[in-house]
């Protein structure tokens, strides 16, 4: 009697090559690329603030997605129409991720790509709002924003530069903005002081063709001219020592 075979015989002509051909390929490793986007520091496409009618108060765009002002305004209108009547904090429009926050009569928006992490965008939005809240003395509304628009641009420049997030800590942002304002204020103060001194000297200098002793006769005796000049000098001295 013929013994039964334990293993089926390979098909004639297959051999080892045929056996290997039927072995399934190993699965792809988890670390292998699968068409994912390369990480980039340029995470912010735009930041803008609108009033409760959808009109722009402040805006900065960091790439050429909307190259013209007309396209930017149309995009802002579409975003406002989509978000102004909802309670959500995240919206998706035109292949972009948008996080936003309303305050009184203002709407603050931060825009990134559709693949951007919403938490990163939200950290920028929160930093922007809290920094503005500090410099506007908790009055984050249209009137105060328009009166302090230069400071608002300084805040935004400290948070985002060219689409790259520089800072997400509101305290650090406010500290840097205050330093820049104080520095520029010192320059403006110095210019004003020099102008004041020049004006004082011009007013109390003798005119050509007149007797200097008669023009400054009273000043030499402690008259009003000497007092004004001395007062101006004292003001400049003490302001420089502050």
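Heads up, the Cβ atoms here are built off N, Cα and C, so glycines get one too.
In TrEMBL, annotation is done automatically, which means it is predicted and not curated.
Sequence annotations record features per position, and here TrEMBL assigns compositional bias 'Basic and acidic residues' to 1-12.
Marked as domain 'AP complex mu/sigma subunit' by TrEMBL: 43-180.
What TrEMBL lists as region 'Disordered' is 1-36.
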Secondary structure tally of the domain 'AP complex mu/sigma subunit' (43-180) (DSSP, helix then strand then coil):
61 helix, 36 strand, 41 coil
Take every residue in the domain 'AP complex mu/sigma subunit' (43-180), average their pLDDT values, and give the whole-number result.
93
